[in-house]
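Peer 1: First the structure, which I've put down as structure tokens, then a few questions once you've had a look.
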């Protein structure tokens, strides 16, 4: 940047450098996607093609930044886990948040055009995302965070599945369906689906019930201070070349995490 007498204005800029040696989770969320889904006539209660667009945009982000170890997505939301030793953008909060939000926004549009060539995106209703970042100090916090998001996915999907079944198959208005579901718990909704419509919720697709987990999979070598510089470089190279695999399974129990210890290094 050229020197000038006006450069003093940079003194007003402030950077928030996030705590070192802590886990970072960046969560991106669609802005106004309720209206967006109505505008472009998403299938109800779930649009598998729209989920594919979101999942592919998230994969593109992971491919761009090897420090992202895993991601969890549901609907128009995605959470990205950055490894504890991550130094991406010097851990500057504003840089991370703005980059993730803009990257997902443009990649969502790119993937949309591939998946929905028959649905032209209009200027009046563009897909945009905001982002936030949270610092977590322990493995327990990370696991509890992703458990929270997956439980939320289940609760929302069961409600939406029941709501739209009442509307589409039961002939109710949206207000009538809301009133019928008012005060119900999960067992009530399951019983309603099965007794009134012959739908066993357990047979619904796992992607809808459990969301999408993206994982950087590679031959694991434990990182640590005892590794030589060459060994550390080899591990970093493996991480960059790692395949990004998609799963729809339980991440609340121990199995998923025990099989992938590198995620929480």
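From the backbone N, Cα and C atoms, a Cβ is placed for every residue, glycine too.
Straight from Swiss-Prot, here's the annotation block:
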type	residues	note
BINDING	29, 30, 31, 32, 33, 34, 75, 76	GTP binding site
BINDING	29, 76	Mg(2+) 2 binding site
BINDING	29, 30, 76	Mg(2+) 1 binding site
Peer 1: If you count other CB atoms within 10 A of each CB, which of 30, 32 wins among these binding-site residues?
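Peer 2: For the binding-site residues 30, 32, the Cβ with the most other Cβ atoms within 10 Å is 30.
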Peer 1: Other residues with Cβ within 8 Å of the Cβ centroid of 29, 30, 31, 32, 33, 34, 75, 76 at the GTP site?
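Peer 2: Going along the sequence, the neighbours appear as 36, 37, 77, 129.
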Peer 1: Could you tally the C-beta atoms, other than its own, that fall within 10 angstroms of the C-beta of residue 33 (GTP binding site)?
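Peer 2: By my count, 19.
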Peer 1: Taking DSSP three-state, what's residue 34 (GTP binding site) in: helix, strand or coil?
Peer 2: helix
Peer 1: Which has the fewest other CB atoms in a 10 Å radius around its CB: 31, 34, the listed binding-site residues?
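Peer 2: Ranked by other Cβ atoms within 10 Å, the binding-site residues 31, 34 bottom out at 34.
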Peer 1: Which residues does residue 75 (GTP binding site) neighbour through Cβ under 8 Å, counting only same-chain ones at least six apart?
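Peer 2: Result: 30, 33, 51, 54, 153, 156.
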Peer 1: Any idea what DSSP makes of residue 76 (GTP binding site), helix, strand or coil?
Peer 2: coil
Peer 1: Determine the minimum-neighbour residue: among 29, 76, listed as binding-site residues, which Cβ has the fewest other Cβ atoms within 10 angstroms?
Peer 2: 29
